[in-house]
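What Swiss-Prot annotates here:
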- Gly144, Val145, Thr146, Gly147, Ser148, Gly149, Lys150, Thr151: ATP binding site (BINDING)
- Cys358, Cys361, Cys398, Cys401: Zn(2+) 1 binding site (BINDING)
- Cys367, Cys370, Cys385, Cys388: Zn(2+) 2 binding site (BINDING)
- 131-297: domain 'Helicase ATP-binding' (DOMAIN)
- 393-548: domain 'Helicase C-terminal' (DOMAIN)
- 240-243: motif 'DEAH box' (MOTIF)
Amino acid sequence: MRIAKILLPVAKLFPLDYLIPEDLELNIGDLVVVPFRNKELTGIVWELVSNSEAKKIKTIRVKVPLNLNITSEVLELIKWMSSYYMSELGSIAKLVLPMDIAEKPIKVKEQKVNNNFVLPDLSEEQKQAVTILNESNKPTLVKGVTGSGKTEIYFHLIADYLAKGKQVLVMLPEIALSTQIINRFIERFGFEPIIWNSSVTKAHKKMILRGILSDKVKVVIGARSSLFLPFKNLGLIVIDEEHDDSYKQDDGILYNARDTAIVRGTFDKAQIVLCSATPSIETIHNIEIGKYQLVTLVNRYKNVDLPNIEIIDMTKEKLSKNSYLSKLLIEAIKGNLDNKKQVLLFLNRRGYAPLMLCKACGYRLTCKFCSSWMVVHKATKKLECHHCGYQSKIFSSCPECLEDETLTICGPGIERIEEEAKALFPESKIAVISKDHAKSPEKIAQLLHQMENLEIDILIGTQIITKGYHFPNLTLVGVIDADLGSNNADLRASERTFQLLHQVGGRAGRGDSKGVVYLQSYYPDNTIFSYVKAGDEDSFFANELEIRKSADMPPFSKTASVILSGSSEAKILEIARDMVRIAPKANVKILGPASSLMSKLAGKYRYRILIIANKKFNLQKYLKFWLSLIKIPSFCHLKIDIDPKSFY
C-alpha cells in the first residue's frame, strides 16, 4: 500500500494520510489535489510511507500539472516555523499556499530582463559597500544615514543576481513604501517587479504563484507574507527598514518576518541584506558577536548635508486655546513656505482627539469591548476604537451622569493639527496621510505623486510617512509631540522613540537645500533627544545594550509570552495563576501573571505570563512540557508569542 501524507493549507491541521493511485508517481514537495471534507483542496506531498493507522483513507485525485512543486528549502522553512513558533503545520502551509492554484491554466507573463539597463554611478563609499557585500558570506546590515543611497546599493546587487538568472525578494515593512521604489526599479531595469501584499486580488495572486513556481517571475517586492512565496531559484533577500515593528505579525501565527526571512535565506543559500538608518538592537548585537556583517554609509548621497535638529521647550510656550504649534515652529513654517519649500508635520496619532471626557463627573469615553479610549474623528463625526474598530456617534450629553454640554475633547490628533494649519496658512495646499486618509496603496501613491510634483505645501502625517520617502523639496519637519511613546512601560520604548524621531527627521533636506527638524517636547532634557540631535546612534545603541544586559533582557536572553484571554476576567486570572503555580522554575524566570497593557480587547480580558531564559535554553521544549501539565478549558484562548516585540 502506497500512502502519502499530504499537508493541506488549513489552520490547526497536521499532514493527513491519502492513498496514492497506482498510475501516479509522486515525490516529496509535489502539489496534489485531494478530497477534504466536502470539497477538493491542493496540498503538498509531505511524506511517503507504506502504511497508515487511519481507519478510512481517501485517495488522491490528481497531481497538479505543469511540474509545480514546493522545493525542499521551503519544506524545511515550514518545519522550522512550526517548531520555533509552536504553530501547526497546516497554518504555516496556508502562508505558502494562500489559495488554490490547481484550477484551469492561468497565463503567466514572464518578467523580461532588459540587459541594456544602465545603473547610475555610485559614490566611492557606495562602491566599497557593494564590494564588501559581494564578498560577504553572512547576513549583512547596510547601515547608513537617511538619504545615503542604501537602495542604490541593493539595486546593484539585484543586477548581479538577475545576470545569474536568480530570483530576488525585496521585503518592505509596509507596501505603501513600494511606490517610489517601484518607479526607481522600472527606471533602472526596464521592467516592473511583482508586488505581493494583502491588496493584490486573488486572481492576480494565483498568477503570481504560478509565475514563481515556473521561474517566470524574477523580482518580487512584498510585505512580510512575501517571504513564504515558493521561489525555486532564490538568490537574494533584501530586508529594507529591518528595524520596523511591522515585520512582527501580531495575529494568527505570531512570527517575526525579518528573522524568518534570514532563516529562509540559510535554507535557500540566498544572500541576506538588511537595510536601515536605525537598525534594531538585536541586529546591532548580532554584528557585535560576529553573527552578521556591517557596512556603514556615513554620508548622504552627493554629500547632501544632514538636517539641523532643534528642541522646542513646550513648557515655556504660551499656547492659545486649541493651539498645538509653537511660535517658533509657526515662524519656521512661514519662512519655509515663503521660500517655496515644503513642510512635513508629524504626529503619530490618528483622528481629531485621543480622548473625550466629562467635565462634571470625570467619565472617560471608552470602548464597550476594549479597555481603550474612544478616539474622536471629526471628519466622520464618529467615536472610534483603534483596536477593535467599534464606532459610535459623538454624544451630546455624558452617558454616565447624563449632564448636557459637559463633554470636552483632550489632546490633538492629526485632524486637529490639519485644522490649525489651515487656519494659520489658508493659502497653502495642505494634505493629510494616515490609515484613515489613505486606505489603499493607490491613494498613497496619489498623495506621494502630488508631493513630488509640488502640489502639496504642507503634508501632515502619522508613522506611515516616516518610512523611506524621498521628497527633494521638503526642508522642514515639525514633530508635534516628540514625547509620545517615550514614557511607555515597554522594554523597547526608548529604541522605538529614537528610531521614529531619527527616521522622520531624515525626510528633511534630501535635495539641494539644507533641512531643519523641530521637536516639540515638554521634557526637553530627555536623553533620547540629545542622541537624536547629535546624530549619535552608536552611543545610543551602546547605552541601550548596557541597560538590556543589566536587566537580563533581549538580546541577552530569550523571552516568550503566554497570553490568556476570555470573557470572564476572574476565570482567566485564576487559570493564569494556576499555570504559574505549577510551572517548573529551574533555569527560567517567570513574571506575572499581569494584565496586558490592553487589558480588554474585542470583549476578551487578557493576561500575560512572561518567561525569560538563557539564550542556549530550549524554550520551546520547556513550554511544551509546561503546557502538558495543565488542561486549558475551552473558554480560555491561549497564545504563545516567541520573541515578543510588545506587551499590549
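Note that Cβ sites are derived from N, Cα and C of the backbone, with glycine treated the same way.
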Original post:
Under DSSP, is Lys150 (ATP binding site) helix, strand or coil?
Top reply: helix
Original post:
Considering only the binding-site residues Cys361, Cys367, Cys370, Cys385, Cys401, which residue has the minimal Cα-Cα separation from Val145 (ATP binding site)?
Top reply: Cys385
Original post:
For Cys367 (Zn(2+) 2 binding site), which of these binding-site residues sit within 10 Å, Cα to Cα: Gly144, Gly149, Cys358, Cys361, Cys398, Cys401?
Top reply: none
Original post:
Around Cys385 (Zn(2+) 2 binding site), how many other C-beta atoms are within 10 angstroms of its C-beta?
Top reply: 21
Original post:
Which one of these binding-site residues, Val145, Cys361, Cys370, has the sparsest Cβ neighbourhood, judged by other Cβ atoms within 10 angstroms?
Top reply: Cys361
**OP:** Identify all same-chain residues not among Cys358, Cys361, Cys398, Cys401 whose C-beta atom falls within 8 angstroms of the centroid of the Zn(2+) 1 site's C-beta atoms; report them in sequence order.
**Re:** Lys359, Ala360, Gly362, Tyr363, Pro399, Glu400, Leu402, Glu403, Thr406, Leu407
Subject >> Pairwise Cα distance for Cys401 (Zn(2+) 1 binding site)/Cys385 (Zn(2+) 2 binding site) [Å, integer] >> reply: 22
Original post:
Quick one: DSSP breakdown of the motif 'DEAH box' (240-243) into helix, strand and coil?
Top reply: 0 helix, 1 strand, 3 coil
**OP:** List the other residues in this chain whose Cβ sits within 8 Å of the Cβ centroid of the Zn(2+) 2 site residues Cys367, Cys370, Cys385, Cys388, in sequence order.
**Re:** Thr366, Lys368, Phe369, Ser372, Met374, His386, His387, Gly389, Tyr390, Leu601, Ala602
Subject >> Integer Cα-Cα distance in angstrom, Cys388 (Zn(2+) 2 binding site) to Cys398 (Zn(2+) 1 binding site) >> reply: 23
